[in-house]
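In what follows, a single structure is set out as structure tokens and then discussed.
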Amino acid sequence: MERAEAYGLSGAMSGAFLLSCLLFAAVSRRQRGPYMDEVFHVPQAQAYCHGRFLQWDPMITTLPGLYLLSVGVVKPAAWLLGWTGSVVCSVGMLRFINLLFSAGNFYLLYLLLFKIHQKNKAVSGFQRILSALTLAMFPTLYFFTFLYYTDPGSVFFTLFSYLMCLYGNHKTSALLGFCGFMFRQTNIVWTVFCAGNVVAEKLNEAWKIELRKKKDEKISSRKGSFSDLTRILQFLVEYLLSPKNLVTLTALTWPYILLVSLFFVFVFINGGIVVGDRSSHEACLHFPQLFYFLSFTVFFSFPHLLTPTKIRKFLLSLRKHPVQYTLIAVISLFLIWKFTFVHKYLLADNRHYTFYVWRKVFQRHELVKYLLVPFYIFAGWSFADTLNSKSIFWILMYFLCLLAVTVPQKLLEFRYFILPFLIYKLNIPFLSLYRQLLELAFYILVNAVTFYLFLNRTFQWENSDEVQRFMW
């Protein structure tokens, strides 16, 4: 990192942290007590602060990583600074933990962008900093910086694990993956993703050797014709069935294999993935979640995915391959017909944006969910098109992880999309400077509207005296 870039990064991080501190003060003044899921998280952390480690709220569904780390940070800080009484492990003090995670996420995003795109000499240091700042301001994640939720810490340890994986420190990566798992059980998928990075790299190397042997220039390690894809899948099966290759891959990925094995032991002993309230978190095959994620990604990446050039290119592809797209449309319609689930929370909780998305869009008419299929197909095509710089093996591995982390979720919840979105954004080519600034301005606008609604547009339910607020 050059000195000018280091100064620029320091300035951007300092400015972002100052802005976050001002917002933190505003949120803390307006909402002093626990709000939404904080009514479970805060008392649990406070119980740990008082040494009651056997106390557990059965409504909490995640493992106690957030509470253990909070005690590990707050207690030493209180001892060093002489804090006593209610200030120790207060709501504000616990929320501040996520402010620290947010700063850490900014730095990790920058380091990941630097590592993933280090061969692209056309990218300037300013663009890397701007891109990291934009992702750090990603509205769905940034909002929960100011509440005591698991999301900032979950993202921090997952990104840190991914960074260590890219640098080849697999034991450290697996250890950090365990920390991420302790924040949210579904993060085990991103441990598999890290292992998949190693496997995809080895597969790509072997595939290039295979091409040189056959001297077949028509086949590439990227997406191609159907016959090319068939040959790639055949190669994939042959490679993975080789005992020698399996031993090599196991030797490289054993820390991840060990962690995934511990996960299955946990699931067996626990009787499921969810720790507490299982009745509201039942797994199912909710395939339309993939369509919702693609729509979410198009909305927050429109400078990348929703451009006139992209639309023209898609229409050309549609004209060249009508049979394939017709088949995709039929499959999509079938998945929507048979596998659409509506969670009771989605219909009942009018504090979340998803409630209004569902009511204003999907509940307008029974046919709306089917009429959106052409948009889903465009979103999927545009999404895949931006990953052309990655190998087919990486794309396959990412897509499997994306399915694993979204499809089993019955509840439409934008927070579940944060990690797959960030990993996608980290791995696609950089935008032009103009489009980067446009994306940052859009994120700032969405954040401004979100915080304005949360702080100022409060309301009350008929059967409750508590103040309710709009949020992600």
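A Cβ is built for glycine as well, from the same backbone N, Cα and C atoms used for every other residue.
Annotated transmembrane segment per TrEMBL: 6-27 (among others), in sequence order.
Taken from TrEMBL, the feature transmembrane segment applies to 60-81 (among others).
The transmembrane segment feature in TrEMBL is assigned to 93-114 (among others).
Residues of the same chain lying 6 or more positions beyond the ends of the transmembrane segment (126-149) and with a Cβ under 8 Å from any Cβ of it are 5, 8-9, 12, 16, 20, 23-24, 27-28, 34-38, 41-42, 45, 66, 91, 94-95, 97-99, 101-102, 105-107, 109-110, 113-114, 117, 155, 300, 414-415, 417-418, 421-422, 425-426, 430-431, 433, 436-437, 439-440, 443-444, 446-447, 450-451, 454, 471-472. Taken from TrEMBL, the feature transmembrane segment applies to 126-149 (among others).
Marked as transmembrane segment by TrEMBL: 254-275 (among others).
Per TrEMBL, the feature transmembrane segment maps to 287-305 (among others).
The annotation transmembrane segment is assigned in TrEMBL to 325-346 (among others).
The transmembrane segment feature in TrEMBL is assigned to 367-384 (among others). Within the chain, the transmembrane segment (367-384) has long-range Cβ neighbours (under 8 A, six or more residues past its boundaries) at 223, 288, 291, 294-295, 297-298, 304-306, 310-311, 314, 317, 325, 328-329, 332-333, 336-337, 340, 361, 395, 424.
Sequence annotations record features per position, and here TrEMBL assigns transmembrane segment to 390-407 (among others).
Among the features that TrEMBL reports, transmembrane segment is placed at 440-459 (among others).
In this chain, the transmembrane segment (6-27) does not touch the transmembrane segment (60-81); fewer than three CB pairs sit within less than 8 A of each other, excluding pairs fewer than 6 residues apart.
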